[in-house]
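Visitor: Straight out of TrEMBL:
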type	residues	note
BINDING	Leu9, Asp89, Gly92, Ser117, Val118, Leu168, Val226, His251	S-adenosyl-L-methionine binding site
DOMAIN	1-241	domain 'Tetrapyrrole methylase'
Amino acid sequence: MLYLVGLGLGDEKDITLRGLETVKKCSKVYMEAYTSLLSFGLSSTGKSTLENIYGKSIIIADRETVEEKADDILSEAQSSDVAFLVVGDPFGATTHTDLVVRAKKLGVDVKVVHNASVMNAIGVCGLQLYRYGETISIPFFTETWRPDSFYEKIRRNRTLGLHTLCLLDIRVKEPSLESLCRGKKEYEPPRYMTISTAIEQLLEIEQNRGESAYSEDTTCVGLARVGSEDQAIVAGSMKQLLTIDFGPPLHCLVIVGDVHPVEEEMLEFYTVGKSSNQTS
């Protein structure tokens, strides 16, 4: 049996009781570590904290493991109980849907233990969940690659008056281009996109496209470490949010659409310059 277990967003204590019971009975436990991270990241201390709470040895599954060695994990699940831990909810990333499809094709039974994810926890900023349009992901620009395909999705959302949740890039154990050219993988240091980097890239795209989907005066909400004790939430224009230090990762951004009076009232609590831009 393959168990996909959501860990929630904050720390090791956010696992559900059902999730914890599931982990404890599995013979092997993997933790997916590239679509999101818990508040303490992937440090050895953080990993041992999880192992102490869960009472199991944990194997870190990076992108390479999941994409290239998934069949090995599924083979183990054919004859024993295997847990695959996912920060947030197991279906918060398409990678995990693909894993389920592959498991079912191999005749491996799959059970899912759900948990909170950024897709619903984003409601903490006061913008109502059913007033969001399509979610987008913003990747890091490189010197030769400056993607803007998500621009149309933002424009459509704003035309309909809907909010846009922007998930910001995470680069963990990514091989460098130079090492790939040499045929020997060497990994770049981890990188986590900040809200300011995301806004800078968004404004560059708007300047190039010139279709007025948004501007530096467009109201946004920046959120950091959602679900953690020290989560930060600040609302303001793109220009204003560029000046805010949101602290450690993970960050995400909401481009605000039309607001209901209750949403407007909630956003007031988090507006730049207010005394309470942090919430717990």
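Residue positions begin at 1 at the first shown residue.
Just so you know, glycine gets a Cβ as well, placed from its N, Cα and C.
Where in this structure would I find these features, and how exposed are they?
Guide: Taking a C-beta cut-off of under 8 Å and a sequence gap of six or more, Ser117 (S-adenosyl-L-methionine binding site) has these contacts in its own chain: Gly6, Leu9, Gly88, Asp89, Gly92.
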Visitor: Identify, in sequence order, the residues in the chain of Val226 (S-adenosyl-L-methionine binding site) that are 6 or more apart from it along the sequence and have a CB within less than 8 Å of its CB; answer 'none' if there are none.
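Guide: Those within reach of Val226 (S-adenosyl-L-methionine binding site), by Cβ under 8 Å and sequence separation of 6 or more, are Leu9, Val118, Ala121, Ile122, Val124, Leu250, Cys252.
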Visitor: Using only the residues recorded as binding S-adenosyl-L-methionine (Leu9, Asp89, Gly92, Ser117, Val118, Leu168, Val226, His251), report the maximum Cα-Cα distance in Å, whole number please.
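Guide: Those residues reach a largest Cα separation of 17 Å.
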Visitor: Averaged over the whole of the domain 'Tetrapyrrole methylase' (1-241), what is the pLDDT?
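Guide: Summarising the domain 'Tetrapyrrole methylase' (1-241) by its mean pLDDT gives 90.
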Visitor: Counting only residues 6+ apart in the same chain, whose Cβ is under 8 Å from the Cβ of His251 (S-adenosyl-L-methionine binding site)?
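Guide: Residues satisfying the criterion: Leu168, Tyr192, Met193, Thr194, Ile195, Ala198, Gly222, Leu223, Ala224.
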Visitor: If you count Cβ atoms within 10 Å of each one, which of the binding-site residues Leu9, Val118, Leu168 comes out on top?
Guide: Leu9
